[in-house]
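Heads up: the structure comes next, in structure tokens.
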Amino acid sequence: MVDYQGKKVVIIGLGLTGLSCVDFFIARGVTPRVMDTRINPPGLDQLPESVEQHVGDLNQEWLLDADLIVVSPGMALAHPALSEAAEAGVEIIGDIELFCRENQAPVVAITGSNGKSTVTTLVGEMAKAAGWSVGGGGNIGVPALTLLKQDNQLTVLELSSFQLETTHSLRASAATILNVTEDHTDRYPLGLQQYRAAKLRVYENAKVCVVNADDALTMPVRGADSRCISFGVDVGDYHLNKQQGEIWLRVRGEKVLNTREMKLSGRHNYTNALAALALADAVGIPRASSLKALTTFSGLPHRFQLVLERHGVRWINDSKATNVGSTEAALDGLQVDGTLHLLLGGDGKSADFSGLTHFLQGDRIKVYCFGRDGGQLAALRPDVSQLTETMAQAMALVAKVVLPGDRVLLSPACASLDQFRSFEHRGNEFARLAEELG
């Protein structure tokens with residue numbers, strides 16, 4: 001526990017997380033100041049009257065006068081105003097650090113470029129199936145500080161690289177980096193290793209590290225050690241096993257579940273299940289409860305979600321695929337009876353799309369590209385690609401040629417904000433248009 005009495009605290013960034021920080025300090029007898037670069041940030045009208053606010057930009061005078069700055073993950077630490085405050089000796093942390101200083105419950109910490117939300121939710125479902133009281137949140141759903149108010153036996157946190165940058169006191173009972181693929185190049189100008197270094201912070205002081213045997217970038221800097229348990233497709237303590245056309249989850253050579261019994265589909269989801277099982281085992285959730293959860297969990301919206309099956313055509317919403325690695329995961333091992341109609345596009349965040357080319361081969365694929373970086377994506381395989389301005393135009397083209405046995409997959413490999421409010425908005429539009437056109 002840390003005593004914040006008498007500290008001058010500034011919170012940067014409102015919304016649910018910012019408000020949870022305000023509540024945290026007021027409950028401890030400290031009235032913070034709040035600022036947000038947005039003119040009308042969400043939650044502004046919910047601030048207590050006693051809290052000073054500054055919107056539209058950063059108030060440098062407040063920052064330099066502070067003892068402690070709690071910064072939103074959306075604000076880069078490299079911002080000149082924050083750099084100046086840090087050089088002046090002001091402590092800069094995030095809400096996850098505040099949580100870790102106070103939390104008493106065991107923590108499962110999950111990060112990675114792709115699959116975080118699915119694995120976080122799965123581990124929570126496994127704990128619930130065992131009758132445990134569990135709180136889940138962080139980068140998904142409930143702000144971490146809200147979880148402090150609950151008396152849980154286990155806390156499962158999804159953590160982004162941005163959140164980990166400002167966290168120093170995390171001591172996870174089990175932690176994982178699911179994978180590391182290029183993302184957020186705008187925030188990590190030094191490249192993939194800088195991004196990876198932020199992710200690796202999740203292993204600091206962790207009792208058990210769950211690593212991806214197929215991705216060396218998920219290993220601790222000094223390599224695997226006695227804390228490490230691995231999962232992977234063909235190798236790892238937890239791995240997949242194909243026998244007579246069926247795929248099993250195996251743990252150290254023992255078959256534990258036939259994937260036919262799972263509602264999740266796709267190889268990337270089977271490895272997500274392995275990671276969740278490894279984490280659950282590490283914190284003592286009974287195996288039978290975990291396996292039961294795997295047979296009932298049907299996945300999260302916008303993550304390889306079947307939204308329509310009509311006239312023999314399956315329409316799949318994978319709008320959460322906001323980077324190249326996530327789309328590669330969706331395409332890896334994907335089997336389609338007919339033709340795959342793949343929708344790509346949006347804001348690529350300066351990413352290198354060339355890795356997708358490998359997955360766009362063959363004559364049973366058609367690619368429909370839209371949005372800000374649609375042209376770059378269409379150039380990967382111009383002979384099978386069509387370029388439109390919007391996703392709706394692309395789907396109208398798909399509807400004219402789709403046949404029974406085909407699959408329509410929105411897995412854009414890009415952020416959505418060039419044309420949509422969020423990846424959820426994009427996914428909901430895809431589902432609406434599928435229903436209309438399918």
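Cβ coordinates are placed from backbone N, Cα and C, and glycine is handled just like the others.
Listed in sequence order, Asn139, Ile140, Glu158, Leu300, Arg303, Lys320 are the same-chain residues six or more apart from Ser117 (ATP binding site) with CB atoms under 8 A from its CB. The DSSP secondary structure for Ser117 (ATP binding site) is helix. Residues or ranges marked as ATP binding site in Swiss-Prot (evidence: sequence analysis): Gly112, Ser113, Asn114, Gly115, Lys116, Ser117, Thr118.
The Cβ neighbour count for Asn114 (ATP binding site), using a 10 Å radius and every protein chain shown, is 26.
Annotation note: Gly112 (ATP binding site) sits in a coil segment as assigned by DSSP.
When other Cβ atoms within 10 Å of the Cβ of Lys116 (ATP binding site) are tallied across all protein chains shown, the result is 23. Sitting within 8 Å of the Cβ centre of Gly112, Ser113, Asn114, Gly115, Lys116, Ser117, Thr118, and not among those site residues for ATP, are the Cβ atoms of Ile110, Val119, Leu178, Asn179, Asn272, Ser326.
Every protein chain shown contributes to the tally, and the Cβ of Gly112 (ATP binding site) ends up with 25 other Cβ atoms within 10 Å. Contacts of Gly115 (ATP binding site) defined by a Cβ separation under 8 A and a same-chain sequence distance of 6+ are given as Leu178, Asn179, His268, Thr271, Asn272, Ala275, Ala329, in order along the sequence. Every protein chain shown contributes to the tally, and the Cβ of Ser113 (ATP binding site) ends up with 26 other Cβ atoms within 10 Å.
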